[in-house]
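Chemist: Heads up, here are the entries from TrEMBL:
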- Glu37, Asn41, Asp83, Met88, Asn96, 102-104, 125-130, Thr177, Arg340: ATP binding site (BINDING)
- 30-187: domain 'Histidine kinase/HSP90-like ATPase' (DOMAIN)
- 1-340: region 'A' (REGION)
- 558-632: region 'C' (REGION)
Amino acid sequence: MSETATKQKHSFQTEVKQLLHLMVHSLYSNKEIFLRELISNAADAADKLRFKALKDNSLYGDDSELAIRVTTDKDAKTLTISDNGIGMTEKEVINNLGTIAKSGTADFLQQLTGDQKKDSKLIGQFGVGFYSAFIVADKVTVTTRGAGAGINEAVIWESAGDGEFTIEQTEKETRGTDITLHLKEGEEEFLEELRLRNIIGKYSDHISLPVEMHKMVSDDDADKTPEFEAVNKATALWTRAKADISDEEYQEFYKHISHDFQEPLTWSHNQVEGTQEYTSLLYIPSKAPFDLWNRDRVRGVKLYVQRVFIMDDAEQFLPVYLRFVRGLLDSNDLPLNVSREILQDSKVTQSLRNATVSRILKMLEQLAKKDKEKYQQFWDEFGQVLKEGTGEDFANKEKIAKLFRFSSTHNDEKAQTVSLDDYIERMKPEQEKIYYIATDSFLAAKNSPHLEIFRKKGIEVLLMHDRIDEWTISHLNEYEGKQFVSVTQGDLNLGNLEDAEDKKAQEKASEEHKDFVERVKSALGDKVADVKVTMRLTDTPACIVAGEGEMPLQMVKMLQAAGQNVPDVKPVFEINPEHALIDLIEKEQSDEQFSEWVDVLFDQALLAEQGQLDDPASFASKLNKLLLKLAH
Ligand SMILES: Nc1ncnc2c1ncn2[C@@H]1O[C@H](COP(=O)(O)OP(=O)(O)OP(=O)(O)O)[C@@H](O)[C@H]1O
């Protein structure tokens with residue numbers, strides 16, 4: 001059979017084409033990272049083989065010294081990264097190097113604008129990987145033979161990165177994968193021995209596998225068969241003493257395990273001996289990945305047992321609300337033959353998980369103390385995910401809440417910078433509760449009429465405007481023994497913050513306007529649960545609040561938006577008799593006109609609270625009618 005007869009042409013999945021284009025254009029200034037990515041993949045392939053060989057030692061054949069080799073051919077202008085790891089079958093090659101398996105990729109790539117600057121930020125949310133080879137190569141050839149496969153069961157994958165690749169059967173003497181980059185014009189620096197040694201040292205000192213290159217030889221020895229030598233330190237970073245590891249090494253290792261090209265925000269390395277023996281190395285990324293909101297996305301840490309790689313994404317060790325954490329655990333207490341099923345029921349898993357969660361919360365607390373700016377960056381990226389924690393991790397809810405940041409009337413800024421500890425520190429001596437308002441947007445919160453009395457009395461209120469807030473607070477309930485109270489909820493009881501005079505004035509006003517309140521009640525009929533004289537408002541004529549013990553209005557909205565059946569909750573309508581408009585309405589003799597006024601006021605209050613009305617057109621026409629009357 002001729003060579004071409006066995007060559008099959010395949011098209012890349014559309015997403016791969018887009019990603020390739022994006023990667024080549026946006027990562028060019030960082031081009032040497034391709035080598036880190038290819039070496040990382042080769043090291044992963046060795047890890048996978050080691051793991052498989054735990055059950056079937058024969059997979060090693062006569063070649064159990066796992067290593068990565070980097071070679072060059074100056075005449076052909078090629079650079080080859082070879083490993084004797086797990087290799088790939090034909091099917092695996094087509095799947096792994098022709099498609100992207102991450103769910104949500106297509107949607108993510110839809111956001112591409114064609115503007116290189118904006119788009120290059122997006123790639124950071126995605127992870128780099130094999131395709132980065134095309135940053136410096138105009139053709140890539142992958143020759144691979146799976147562990148356990150015969151010499152003639154190898155496959156050649158080849159592509160110019162232009163939308164297609166070919167697959168061809170071939171023979172390969174050794175197990176594993178050779179990736180050959182046919183370098184683009186101008187990329188000859190990647191043929192230079194010293195330059196390569198330099199990059200490999202930087203990127204690969206911390207991986208446990210030796211990365212080898214030809215020994216440098218003098219001209220006299222040039223025709224002898226070249227020998228190889230390791231050019232990296234080849235010690236797994238997490239096994240080294242903490243004091244001997246530099247920040248740069250920790251950062252490089254993060255990039256190696258996460259395929260992220262940005263620096264991590266912070267990390268925590270723990271080597272624990274005693275009843276439990278394990279090492280954990282946990283990182284907080286600086287940017288959220290594109291699929292952070294997908295609660296089912298793969299998450300978790302890499303699991304090693306006694307330094308042997310066992311699995312990626314061991315989700316048993318991380319709760320969902322910490323799904324942004326990357327890193328690894330290396331346990332001495334789990335068996336080498338551990339599987340996901342065994343992990344599920346293991347006591348060791350449970351205690352490792354508890355320890356890991358504690359470490360992460362502690363690391364974040366320390367970051368908040370040590371570096372406010374970095375912590376703020378963390379909060380802006382991942383705060384909303386952390387807010388899921390009060391519902392998911394009851395035992396740690398106080399610790400999680402300590403990490404929360406909110407907007408607040410303290411500075412009236414949208415940025416969420418105020419911690420609950422800050423709030424408590426500023427509480428008035430006689431204040432017992434933490435006051436908050438939860439709405440859909442920062443402006444709705446900041447300008448809410450419910451805040452008027454608090455502003456007048458100088459009491460701080462937390463301005464919550466993330467969708468999840470009301471839910472988070474409902475699980476938290478209190479912090480440091482101080483109950484959360486929504487300023488839009490029920491009878492406003494300011495406790496000790498209310499002075500005797502306020503109370504008296506309130507009672508007096510209620511008494512004086514009793515008839516008016518009744519008249520409003522009958523005008524609104526069953527639209528409201530009750531009508532009351534307010535004590536929250538100073539500058540606004542009226543507002544609505546949720547009845548005492550009723551579900552908060554914001555929660556009702558959230559559940560409705562999530563498509564849940566929520567019983568119809570009627571609000572309480574509060575009026576401010578001090579307001580000139582209320583005074584005017586109170587004097588209105590015509591029942592018809594009175595009713596129109598009340599309807600408009602009520603709809604206005606609903607609008608201020610909910611941002612929308614069931615029947616906005618009627619509201620507009622009633623309002624216009626009243627305006628016309630006033631104009632005459
Ligand atoms: N040297 C290799 N040996 C064996 N398999 C490989 C090798 N290089 C790549 N692969 C396979 O190809 C897949 C795709 O690699 P790629 O670098 O694009 O993504 P990834 O490493 O899985 O994920 P990401 O880079 O997005 O975190 C790998 O998951 C692996 O299965």
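Cβ coordinates come from backbone N, Cα and C, glycine included.
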Chemist: Running a distance check here. Ligand 1 versus the binding-site residues Asn96, Ser103, Gln125, Gly127: which have CB less than 6 Å from one of its atoms?
Modeler: Asn96, Gly127
Chemist: When you measure from the Cβ of Asn96 (ATP binding site), which residues in the chain that are at least 6 apart have a Cβ under 8 Å away?
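Modeler: Sequence-distant Cβ neighbours: Met88, Phe130.
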Chemist: Please report the three-state DSSP label of Asp83 (ATP binding site).
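Modeler: Reduced to three states, the DSSP call for Asp83 (ATP binding site) is strand.
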Chemist: What number of additional C-beta atoms lies within 10 angstroms of the C-beta atom of Asp83 (ATP binding site)?
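Modeler: Its Cβ has 28 other Cβ atoms within 10 Å.
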Chemist: Among all chains shown, work out which of the binding-site residues Ser103, Gln125, Thr177 has the most CB atoms within 10 A of its CB.
Modeler: Thr177
Chemist: Within the region 'C' (558-632), how many residues are helix, strand or coil going by DSSP?
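Modeler: In the region 'C' (558-632), the DSSP-based counts are 47 helix, 4 strand, 24 coil.
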Chemist: Helix, strand or coil for Thr177 (ATP binding site)? Use DSSP.
Modeler: strand
Chemist: Count the Cβ atoms, other than its own, that fall within 10 Å of the Cβ of Gly129 (ATP binding site), considering every protein chain shown.
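Modeler: Other Cβ atoms within 10 Å of Gly129 (ATP binding site): 18.
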Chemist: For the binding-site residues Glu37, Gly127, which one has the sparsest Cβ surroundings, going by other Cβ atoms within 10 Å?
Modeler: Gly127
Chemist: Where does Ser103 (ATP binding site) sit in DSSP terms: helix, strand, or coil?
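Modeler: In the DSSP reduction, Ser103 (ATP binding site) maps to coil.
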